Amino acid sequence: MTSRTSLTIVLAAGEGTRMRSSLPKVLHQVAGETLLAHVLKAAPEGDGAALAVVIGPDHQAVAEEVGRVRPQATTYVQRERLGTAHAVLAAREAIAAGADDLLVAFGDTPLISAATFARLRQPLAQGVALVALGFRPADPTGYGRLLVQNDRLVGIREQADASADERAIGLCNAGVMAIDGKAALRILERIGSANAKGEYYLTDAVAIARELGLEAAVIETSEDEVRGINTKAQLAEAEAVMQARLRQAALDAGVTMIAPETVFLAADTTFGKDVTIEPFVVIGAGVSIGDGAVIHAFSHLVQAKIGKNASVGPYARLRPGTSLGDGAKIGNFVETKAAQIDPGAKVNHLTYIGDAHIGPNANIGAGTITCNYDGFGKHKTEIGAGAFVGSNSSLVAPLKIGAGAYVGSGSVVTRDVPDDALAVERNQQKVSEGWAKRFREAKTRGKTRPAK
């Protein structure tokens, strides 16, 4: 198998009108990745594995996603949407290059696995010319049935054309197919459009292969793996299946999740050893969590790196570009963005840290705000090692607070603070003795304010 070359053609030209969205269907997301990205990542890769993606004429965003996920892939445009076989032949140039195995998949099936693609190719190495992927849905209504005799696929019958006996067959066509590369164009170019819609259907390839004296077979997989996404409801169903997979994989890897069903992960989330995730945590794309870290309840993380033995939350929001050092702490109702928080630093309560670098073992008091935006651009705040910022302070960037410096509570700091210095910016406190007593007496007599 490893010596056989392959070409995977992913069909992604559909409009997806039932999604009721201006976004192309294959660019909707499951577990922080587009539907298309999931399929592209599952397709064979490495030496001898080519990849082609067929897109619509107005799908530049889809082409860009292909380039982001699999830069070596080639895109082809299906200018008229005339059926699945017509879409495959949009990549005729790639097919003609003569890979040993041709795989045809769909860009809206995010749950398909690399293992399934590998199983689909195995019969080709044994001389079978065409392999269809089948599944057994709980309700087969509407699906084409796979007709099998003596362990060989003899046809695909659409629901509308099936006899009563054929409709009783539980094995259905998933649409995914593997074809011997040497026979692929011979089969595909014989597919006609003599049907009610005047389209070219890939399912006709089975009958044509048999007419040519070639063998066809079936490989079965689960219904979940081949879920196609056509509506927002189906998108939600696929998300649920993917989340269940990701949670189980995390648990198997040793992550402690107190209530797994309340935790949402991304497809690329990575965990170290002895990580604990409390209930109602949402982890978006691009998050890595180091050994011994704890993510407390109701926290939300996206594109963030969490160091060893660090603590996040509860009720924390870590936005893209956050890097939390070993043993650092982000407490409750703290938001960070583009922030490097070094080992041992603490940001414990009610704070916004954006476009900032906080040095090792610095302490940021409750209610501190980095004022990073002046209405036109973002500016950086740098806080040195061991610095202490008192509660309710506003740090107006660009700003540097030196190592070991102190900022008095309630200060609005607009100028740099040297190492080991104290910065205090607030009005002098005024105390009027007896004022409160006079105020109460005045109110009692009906006056509005007491004498000063």
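Each residue, glycine too, has its Cβ placed from N, Cα and C.
Here Swiss-Prot has ALA366, ASN372, TYR373, SER391, SER409 binding acetyl-CoA, and the candidate from ARG426, ARG438 in that same listed site is ARG426. Among the binding-site residues listed here, namely ASN230, ALA366, TYR373, SER391, ASN230 has its C-alpha nearest to that of LEU11 (UDP-N-acetyl-alpha-D-glucosamine binding site).
Ranked by Cα separation from GLY144 (UDP-N-acetyl-alpha-D-glucosamine binding site), the binding-site residues ASN230, ALA366, ASN372, TYR373, SER391 are led by ASN230. Of the recorded positions LYS25, ARG319, HIS349, ARG426, LYS25 has the largest number of other Cβ atoms within 10 Å of its own Cβ. LYS25 (UDP-N-acetyl-alpha-D-glucosamine binding site) falls within a helical segment according to DSSP. For SER391 (acetyl-CoA binding site), the nearest of the binding-site residues by C-alpha distance turns out to be TYR352; the candidates were ALA13, GLY83, ASN173, ARG319, TYR352.
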